[in-house]
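Trainee: Sending over a structure as structure tokens; questions will come in a sec.
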Amino acid sequence: MIRSSFSLLLLVLVAAVYSTDYFVEKFEDESYKSRWVQSTAKSDYGDFKLSHGKFYGDAKKDLGLQTSQDARFYAVSAKFDKFSNEGKTLVIQFSVKHEQKIDCGGGYVKVYPSDTDQKGLTGDSPYHIMFGPDICGYSTKKVHVIFTYKGKNLLIKKEIKCKDDEFTHLYTLILNSDNTYEVRIDTEKVESGKLEEDWDFSVPKRIPDPNAKKPSDWVDEEKIDDPTDTKPADWDKPEHISDPEAKKPEDWDDEIDGTWEPPMIDNPEYKGVWKASQIDNPAYKGPWVHPEIDNPEYVEDPNLYLYKDLGAIGFDLWQVKSGTVFDNVIITDSVERAEEFAKETWVKTREPEKKMKDEQDEADRKKEEEDRKKREAEEKSKKTDDDEGADDDKKSPHADDEL
């Protein structure tokens, strides 16, 4: 058991040593401003600030880039040495905290080519990968995984739910050179599969055979009417009948009002439209399945995963209510390295963060309770004063004289 644990530790250390970190950002101090560039493409872009938010697990480790203005677009980016993920694993990982109980806004990152104009960055700037949570109302609470392929932005066909609470959550995208992927939230796998199957990179590999048709004698009715079932002789009754209790009004004039007819009412004996009972169809063959053939237009691409020019990362998003904190960004070629980075950062602070939030909530609850009791005491005191004043008003103006 000891030998096994040692071997696992050694494997992790070896992987960490031989891995490459293309970009790492912890936002530990104001020096981030020398690495990140605010876009000036629009004059009303929202400002980011360095903050750990209202509650946190570690005052330094949890410092991050926080949106600070409501109802704004945000656009900021950082560059790193250009690289290609050819033949390698690509891991993009970062943390997001929506402490403001976000109602509508993005929490994702975009990875760009190296020639991206940082000062001119907008939502129209071409990117390679977009990844992370997006929330808007009750209907949109998902994780975006968008890949750019031959000039088109391709959305994942699966629905991945994101976290929508106030705490910090870790998002990890793993893109493998065998054209497979994995998405993790808080270090746990939430989705995985093949790129070819979960995005529309190309036309389908298999298509319905255009020459195949369902045979004319194919029976796909599972049930049929029972041929031995017959309609009862007394079944047919009218749906509506004349009201037998209705009487012609005494002032009814046939010449003026026309021939009087009693109003119609629902017939209590009406049984509806008769239908024969159903039985299993002895000729049923099951649903007909259209046979498929190889799509002659399909061309296999072994490099769906490949991006030859990766050189920048940015936060280009919109938020109605600000307060989101982004932190612990890493782009690497090693899953093990990303896992170790998560342990150094998010894993260490998540429980202390929850503890501080619980303590704040309890303090707020106690304050609200104290304020409520204070208001009730003030209202009671005011009522007592008003009652005493009313009693004084009722005294005779000569009461003292009479004494």
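The backbone N, Cα and C atoms fix where each Cβ goes, glycine too.
Straight from TrEMBL, here's the annotation block:
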type: BINDING; residues: Y108, K110, Y127, D134, D316; note: alpha-D-glucoside binding site
type: COMPBIAS; residues: 206-217; note: compositional bias 'Basic and acidic residues'
type: COMPBIAS; residues: 225-250; note: compositional bias 'Basic and acidic residues'
type: COMPBIAS; residues: 341-385; note: compositional bias 'Basic and acidic residues'
type: COMPBIAS; residues: 392-403; note: compositional bias 'Basic and acidic residues'
type: DISULFID; residues: C104-C136; note: disulfide bond
type: REGION; residues: 201-262; note: region 'Disordered'
type: REGION; residues: 341-403; note: region 'Disordered'
type: SIGNAL; residues: 1-19; note: signal peptide
Trainee: Can you tell me how far the Cα of C104 (disulfide bond) sits from the Cα of D134 (alpha-D-glucoside binding site), in Å?
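Mentor: With distance taken Cα to Cα, D134 (alpha-D-glucoside binding site) is 8 Å from C104 (disulfide bond).
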Trainee: Determine which residues of this chain, when Y108, K110, Y127, D134, D316 are set aside, have a Cβ within 8 Å of the centroid of the alpha-D-glucoside site's Cβ atoms, and list them as they appear in the sequence.
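Mentor: So the additional residues around the site are G106, V109, M130, F131, G132, H144, I146, G314, F315, L317.
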Trainee: Count the residues of the compositional bias 'Basic and acidic residues' (341-385) that DSSP assigns to helix (H, G, I), to strand (E, B) and to coil, and report the three numbers in that order.
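Mentor: Reading the DSSP string over the compositional bias 'Basic and acidic residues' (341-385) gives 44 helix, 0 strand, 1 coil.
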Trainee: Work through the binding-site residues one by one (Y108, K110, Y127) and name whichever has its CA nearest to the CA of C136 (disulfide bond).
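Mentor: Closest candidate to C136 (disulfide bond), judged by Cα separation, is Y108.
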Trainee: Could you pull out which residues elsewhere in the chain have a CB under 8 Å from any CB of the compositional bias 'Basic and acidic residues' (341-385), counting only those six or more residues past its ends?
Mentor: 24, 26, 54-58, 61-62, 93, 95, 166-168, 170, 172, 186-187, 327-328, 330, 332
Trainee: 10 Å Cβ neighbour count around D316 (alpha-D-glucoside binding site)?
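Mentor: D316 (alpha-D-glucoside binding site) is surrounded by 23 other Cβ atoms within 10 Å.
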Trainee: Using a 10 Å radius around each Cβ and counting other Cβ atoms from all shown chains, which of the recorded positions C104, Y108, K110, D134, C136 yields the largest count?
Mentor: K110
